[in-house]
Amino acid sequence: MLLKTVLLLALASQVLVLENGLLRKPPMGWLAWERFRCNIDCSEDPKNCISEQLFMEMADRLAQDGWRDLGYVYLNIDDCWIGGRDAKGNLVPDRKRFPHGIAFLADYAHSLGLKLGIYEDLGNFTCMGYPGTTLDKVVQDAQTFAEWKVDMLKLDGCYSTPQERAEGYPKMAAALNATGRPIAFSCSWPAYEGGLPPKVNYTLLADICNLWRNFDDIQDSWRSVLSVLDWFVTHQDVLQPIAGPGHWNDPDMLLIGNFGLSFEQAQAQMALWTVLAAPLFMSTDLRTISAQNMDILQNPLMIKINQDPLGIQGRRILKEKSHIEVYLRPLASEASAIVFFSRRMDMPYHYHSSLARLNFSSSVVYEAQDVYTGDIISGLQDKTNFTVIINPSGVVMWYLYPIRKLEIPQQ
């Protein structure tokens, strides 16, 4: 019994030292996958293939079009960059598409005030069939990424067994930390185990990973957004408590600026991902994105809410028969983010409510700012009736903050 206790304590101490101190707020940036997938035909489609040129052009846009200054600093490579391994077993990029190498791209990103993320897979192959990181290559690959001055690693889980994942993800976390370079760690481990306990140990994940994918890949459609949202809401009692500074649930990329969402739905995804304290990884063509979609993604108040220092993940607190849902995220300085979300598909809906219905204090007077319109609603008390008009598959989002406390008469 004593030996068992000592072993458990030793394992616990080993896990705790993997904490790397990174990503105290949800990471923000750009990720190639959803928009550009595994397009490797640079002869047919040179502007959109997975290549050095694509990432340099996206880096330029991040730096020059205001994204970096708002916090979108990660430039993340996904699958299909690998050319193979050299004679020493080190990973090398595809030399035609990445002629100057990954270290060159990292230096380029850093010169613009950005960070570079890279992708690998714990298994024999990546999801698209490129060389993966087997257990015997974990330490070697971590060292390679550090030598390239990479700032984030996304480690996928295709072609691996549950046993390999249970060994490999903690091993990679330790290997990254051992390099001495601060490399944020994005894990896909829980997504391959069904996303829920008992197969997923979220306490362990929070110690070894900075963010993790729990559910299916998002696709460029409203149906896919709702599928992800529904899974997160259904399991919010499990997922919400484990998220926080340095360890985030990741519902996957933002689709805004692509082809599958209406304007209202784009606003809705941005608001809902923000209230979930989600990483904000765009995956769109920043060279051609519309001004309307830029406005959604570059909304300063939205970003302030997403980056709130408390790092509390929000929850759905009401589901009405009218197909209106209300989400709440507690923020610093006793503020809150509230999202009124319509699943209706017919016409704008007049939703009537009060702060009392949302369990706000009766001793405080609040003010709300509409996150998208900027309108201010003053003098809100718990019993103040209000109406918000929500478009089909759209949202109204409030940033609610106290302006004064009321004197409550002594009984």
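Even glycines carry a Cβ here, placed using N, Cα and C.
Here the candidates are Cys42, Cys49, Cys80, and Swiss-Prot names Cys80 as the disulfide partner of Cys38. The substrate site recorded in Swiss-Prot comprises Asp78, Asp79, Ser188, Arg213, Asp217 together with one of Lys47, Lys96, Lys154, Lys171, namely Lys154.
Of the listed residues Cys158, Cys187, Cys187 is the one Swiss-Prot pairs with Cys209, by disulfide bond. Record source Swiss-Prot places Cys49 in a disulfide bond whose other cysteine, from Cys42, Cys127, is Cys42.
Between the CA atoms of Asp156 (active site, nucleophile) and Cys209 (disulfide bond) there is a gap of 13 Å. Pairwise Cα distances among Asp78, Asp79, Lys154, Ser188, Arg213, Asp217, which the record gives as the binders of substrate, peak at 16 Å. Calculated from their C-alpha atoms, the gap between Cys127 (disulfide bond) and Cys187 (disulfide bond) amounts to 14 Å.
When the CA atoms are compared, the recorded positions lying within 10 A of Cys49 (disulfide bond) are Cys38, out of the candidates Cys38, Asp78, Asp79, Cys187, Cys209, Ser322. When the recorded positions Cys42, Cys158, Cys187, Ser322 are compared by Cα distance to Asp79 (substrate binding site), the shortest distance belongs to Cys158. Neighbour counts of Cβ atoms within 10 Å were compared across the recorded positions Ser188, Ser322; the minimum falls on Ser322.
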